[in-house]
Amino acid sequence: MDFKDYKGVWVFIEEKDGEIPSVSLELLGAGRKLADKRGVELAGILIGNSIKHLTKKVFEYGADTVYVYDQPIFKHYRTESFMKALLECSNKYKPEIILFGATSTGKDLASAVATDMPTGLTADTTELDVEEDTGLLLASRPAFGGNIMATILCKKYRPQMATVRAKVMKALSPEPGRTGKVIEESVSLKEDDIRTKVLEIVKETTKKVRIDEADIIVAGGKGLGSAEGFQLVHQLADALGGAVGASRDVVEAGWIEHHHQVGQTGVTVTPKIYFAIGISGAIQHIVGMKNSSLIIAINKDSEAPIFQSCHYGIVGDAFEIVPMLIEQFQNALSRKEVSHVGKV
Amino acid sequence: MLHIVACIKQVPDTKIIKMNPKTNTMDRRTAPAILNPYDAHAVEEAVRLREKYGGTVSVLTMGPPPAVKAIKKCIEIGADEGYLITDRRFAGADTLATSYALTKALEKISKTKPVDLVICGKMTIDGDTGQVGPGIARRLDIPPLTSVNKVVEINKREGYAVVHRKLEDGYEVVQSALPCLMSVEKTINEVPYSPFPNMLKAARYEPHIWSVDDLEDIDIKQLGLKGSPTIVSKVWAPPKPEGGTIIEGSSQQQVEHLLSVLLEKKELFQAKEGV
């Protein structure tokens, strides 16, 4: 394998209901930095059905080139069809790096493609860098259950591949009118060649709060002691009009469902206010919330690592502090709303 | 009659494990070895499918000899047979080398009893990648079905399975040819306490144990550290962020201070209250 043949940074662009999800735009931002450092092109690879119009956005967010596979067979994501397109394209144009969002689609596709290449794949990366002269990708992620960070390298194979967490990298501000080269490709693949069929797509209509979209999150950890103790988190979230988050321990203990989990193996969040109550602050949790605008930690243990990652910390008993806070917060709000009645 | 093979792993309990702050390595003595929690759901699902359709559940793992304990745990859940592949030459494998070794063992297992379904947990709690399952599927050239949170139907006679795959905002119903590989979400089932007869069986059970030499057509270069394209170059504790202001004082003073911080962002609350 001659590494000189491999050039450029690629981002797999996801498409969902005719839109590009933000994780792909964030990866274009991250990929741009890597490409600039190496002095190479940044390309997006876009696979779908009737998706050509999306190339415009890929350029505006930083790509120089977009490879497009626009065929009816790509109407739904399926591992076998998407994998074929990506493998053919990569074998033909030989990028040195391919980045995928660490979404269910991105992880599924990257795992399959890396096996067939074969090449190394780093999962759930939270930091990316590249060696300027060698093009070696430095992909870092929390390891060993999030107790420590590890930098993973793939020295002997190209392309190097990584899946990257959503909301960790920053998208560039779009540059209207920015454009580039569109390279249209296609695969010869018949429906019968694919062994899976999507029969139906069901959107869950329950009003589950999606914590990755909430402005205010109140998250609780094992320090609350029990499922009953965890109710405190719900009470504060209700009072503030926020969503409920949780540490991994709490989810594994069954106090709340998995879609509330913040962290490496849960959701990455960037709310305007993040409360961490009774959360010790393992790296696995911190990587999922550290970009929140205002982080407030309440914990009994003054040594808890969470106090290194918050803007304001209170060392104290949440069961004393939080009920007081709820009461005084509600008083303060109602003072504003009914100010003509005077102080409550 | 189905033959289902669940691929499982024994892992250190990463919730309990302590890191050595000087060397940044895991102090394995501090962590008990357990069956990867996600894999318990995979085995449970395999057992439920066997109850429904009839057949055999085998479990397969790669690891050091004490991994027999994880296999016994699977027998407690209800598996029929267990296979451990263990050899120093497997050590240090990343996801690519792991999927290779497990595939070679699966090929051997299916020689005596063809496999209809391979089932894996979503990921392991020590690796956190979820890459081995799809890797095995590609190597066996069977369809990988990831994020499965419900198995609707397995129809061996017609040669297909129907499952729900969890998506970010719902799920999709997928039909796949058999054999296939599923990696399952924790939400797919609840693992009940093991019935007593299973515990008895597990206590006495001795799994099949194979070394590299017991596997056929195996390329040693693709095993273990040597066969792993990825390497860990550096393990580090992230630089400690500066940390914030610790609010001191009595509880009342702390709450008042915190309240003033919150009310600086009052536009957030007014929007929410909508009064």
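Even glycines carry a Cβ here, placed using N, Cα and C.
Taken straight from TrEMBL:
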BINDING   A:247-248, A:261-265, A:278-285, A:Asn299  FAD binding site
DOMAIN    A:9-198  domain 'Electron transfer flavoprotein alpha/beta-subunit N-terminal'
Query: So which of the binding-site residues A:Ser247, A:Gln261, A:Gly263, A:Gly281, A:Ile283 end up next to chain B, with Cβ to Cβ under 8 Å?
result: A:Ile283
- request: Return the residue, from the listed binding-site residues A:Ile279, A:Ile283, with the maximum count of other C-beta atoms within 10 angstroms of its C-beta.
  value: A:Ile279
- line: Same chain, |i - j| six or more, Cβ under 8 Å of A:Ser247 (FAD binding site); the result in sequence order is A:Ala219, A:Gly220, A:Gly221, A:Lys222, A:Gln261, A:Val262, A:Gly263, A:Ile279, A:Ser280, A:Ala282, A:His285
- prompt: Taking every residue in the domain 'Electron transfer flavoprotein alpha/beta-subunit N-terminal' (A:9-198), what is their average pLDDT?
  reply: 96
- prompt: Tell me, by DSSP, whether A:Gln261 (FAD binding site) is helix, strand or coil?
  reply: strand
Query: For A:Gly281 (FAD binding site), what is the tally of other C-beta atoms lying within 10 angstroms of its C-beta?
result: 22
